[in-house]
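Notes follow once the structure below has been shown.
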Amino acid sequence: QIVLPLDLSKSVLYSGPVDPAQWVGLRKTNGRVLDYLLSNLTMLALLAFEVTVYRHQELYRLRRGEAPPPTRTLFDDITRRHLDKGLLHCTKYFINYFFYKFGLETCFLLAVNVIGQRMDLFAVGHALALISILWRRSRCLIAAVWPRYCYFLSGLLCVQYILCIGFPPASCKDYPWRAPSSSLDSNVVKWLFLPDHLTPPNPIFLLYDFLLLMGASLQRQVFEEELQPDTQQRAGDNREQDLHQDPDLIRRLSTNPVPDFMLCRSYLDMLKVIIFCYMFWFVLTIIFITGTTRISIFCMGYLVACFYFLLVGGDLLQKPLGSILLYWDCLIGYNVFVITMKNILSILACGFIKSLVVNHCWLIQLFSLACTIKGYSKRSWDHLGRHLLLLPAASAESVQEPLFPLCAS
């Protein structure tokens, strides 16, 4: 086995003198102190503005003897009863309670965004956590394990922050994976998100994890508030539909509090018809595009699912609710499985593509392996692997796959 020499000339330890103050967070400003403190001053100004607004509102209500609103919404007079009265009322309602209704789906999209942006070891951890959450299926079971999911995200963020800091370069000690006897590739170090002086971890990934943690924390608050009677009266309840429905369709329609939108008496009814009648075919279009973008065994599963749903057609929506959800759960589960497997296989495509091209070419063609992740160094054999697949230099994850947790929900 031939071990290629690493170009350590770009490493912080060998490129020039090391300033120990930079590891602490201090650097020379060359007289431009304002640029150095701009982020801190902006954060302080935003906090001061928020406190000023809240204090002004509190004093205004105390002078007039008014009680504070029960919820922190923009439109206090809009409740669940106004949702079906028109397009304007519907817009106001979702401005108030969008995250209350679709916060869980938003968190799933944020999790898939983290996985697609990172494509490393921690992305695999996020994918496994997402699988464990989706495995519960029921909203009440997800709410029971959601606090542990928040703790998991918090711990993961702290660990990544420590890895981004690493050891101080002033110690003039390199990491074990950069020893002369080590044959670990730089792409493997980057995929493992290890601290390194040559290819340091990308701190931008912490921003995506923070957005996911913020969304998960807000969703935890939603799980607590949706059990309160006052919140249910104003925003509506989030109870799941009973799978054991009354077989009498006429009786179900007569007891449904939502007005019939098929008559299209308003623009809101037209919008409902587009969403509830044609979203099924829109999802099938996304499945077909996803299955034809790449040529691999994973894409074959998307094509099989697409042709099956096309064969069943609109009759699927006439089946019992339990059967419909079973088909949709299988589709979402397969999508998350493919995303997880692509993350796991990315270490082979970016770190061990040379041995795969020489010894296991069939594996490259079967799983469509090619290191096309941004930020990874490309080798000559990596281009050979891409030519074997006739793949364009694009993102390793299909653009349409992150849409599934939302469109198929």
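Numbering starts at 1 and runs along the chain as displayed.
From the backbone N, Cα and C atoms, a Cβ is placed for every residue, glycine too.
As written in TrEMBL, here are the features:
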- 36-54: transmembrane segment (TRANSMEM)
- 94-115: transmembrane segment (TRANSMEM)
- 121-137: transmembrane segment (TRANSMEM)
- 149-168: transmembrane segment (TRANSMEM)
- 253-380: domain 'Piezo TM25-28' (DOMAIN)
- 270-289: transmembrane segment (TRANSMEM)
- 295-313: transmembrane segment (TRANSMEM)
- 325-345: transmembrane segment (TRANSMEM)
Tertiary contacts of the transmembrane segment (36-54), as residues 6+ beyond its ends and Cβ separation under 8 Å: 27, 29
Overall pLDDT of the domain 'Piezo TM25-28' (253-380), taken as the mean: 82
The domain 'Piezo TM25-28' (253-380) - residue tally per DSSP class, helix then strand then coil: 98 helix, 0 strand, 30 coil
